[in-house]
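S.K.: Can you read through this structure? Questions will come right after.
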């Protein structure tokens, strides 16, 4: 801290969500490092497999590739700092760094949430209105939705981050979490923190609206699928939705635990586990779900890996 007269101004925050790892930080660093590498490489493989296979150039796979690309940066906003904190005795972050981490982490998360909602609507149109699918989900519309989800995700948080940046921080500087998040940071402000409740309500409304849209889409989808006369037709229809539904449940399940508890408080270790599930485990399983549960994706990934082997052989 920097002291001025009788008050002090906080110039950096200290993460206190790591004490339980003090005696074995390296034991947590190694698996987290390999998980992060897997997330980056796995999502890159999914992204390039979709981009390089002409058979996957359709709305559903386009959204999956954009989602995978966002996942790389979503985890990069927090995990590298977590890794450095695990092996550093000085587990601090500057106020500017904290604000940037919050902004990029939540902006990317918002963009992913919008994409997941769009993917549910895409599956709804494909299964419930298949004859008009190609005329509704045009390449131009898909590109506009993909770009719009990212632009909106980044713009909607600017007023919130700008407001937080104006708050004075002059007291305790310990963030009781493993990365910068709205509620732990706002509790450190030396000002009226009644806005925390408004923040919680805004986040809750956005989350519940997305969950409602996706849930209604899948209720309708399942209703239509159950009417398909052939068992093979029902199986194919379910398989096209299973991956997205699994990712949706993981993403919004962890989001709900993190942001729909309002004034409820959890033990520190449980807070850390929820944060890890939200920021690390859900992104870890996404490339596995999209690659292992989808026949076309597995074929595209094999082609991509074969092309890489051929390239390496010719280069050597």
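Each position is counted from 1, following the chain as shown.
A Cβ is built for glycine as well, from the same backbone N, Cα and C atoms used for every other residue.
TrEMBL annotations: computationally assigned, not manually curated.
As listed in TrEMBL for this protein:
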- 26-48: transmembrane segment (TRANSMEM)
- 42-290: domain 'G-protein coupled receptors family 1 profile' (DOMAIN)
- 60-79: transmembrane segment (TRANSMEM)
- 91-109: transmembrane segment (TRANSMEM)
- 141-164: transmembrane segment (TRANSMEM)
- 201-226: transmembrane segment (TRANSMEM)
- 238-260: transmembrane segment (TRANSMEM)
- 272-292: transmembrane segment (TRANSMEM)
S.K.: If we skip the immediate neighbours and take only residues 6+ beyond the ends of the transmembrane segment (26-48), which ones have a Cβ under 8 Å from one of its Cβ atoms?
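M.R.: Apart from its flanks, the transmembrane segment (26-48) reaches 64-65, 68-69, 71-72, 75-76, 79-80, 82-83, 86-87, 280, 283-284, 286-288, 290-291, 297, 301, 304-305.
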S.K.: Sort out the residues at least 6 away from either end of the transmembrane segment (91-109), same chain, that have Cβ-Cβ distances under 8 Å to it, and list them.
M.R.: 10-16, 18, 70, 73-74, 77-78, 81, 85, 153-154, 156-158, 161, 164-165, 169, 175, 179-182, 185, 255, 279
S.K.: Could you tell me the mean pLDDT over the domain 'G-protein coupled receptors family 1 profile' (42-290), as a whole number?
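M.R.: Its mean pLDDT is 86.
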S.K.: Name the range, of those listed as 141-164, 201-226, 238-260, 272-292, that has the largest tally of Cβ pairs under 8 Å with the transmembrane segment (60-79).
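M.R.: That would be 272-292.
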S.K.: Could you tell me what the rest of the chain brings near the transmembrane segment (141-164), counting residues at least six beyond its ends with Cβ under 8 Å?
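M.R.: Cβ under 8 Å, 6 or more out: 59, 62-63, 66, 70, 99, 102-103, 106-115, 118, 182, 185-186, 189, 195, 199.
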S.K.: List, by number or range, the same-chain residues at least 6 past the transmembrane segment (238-260) whose CB is under 8 A from its CB atoms?
M.R.: 60, 64, 67, 109, 112-113, 116, 119-120, 123, 126-127, 200, 203-204, 207-208, 210-211, 214, 218, 221, 225, 274-275, 277-278, 281-282, 285-286, 289-290, 293-294
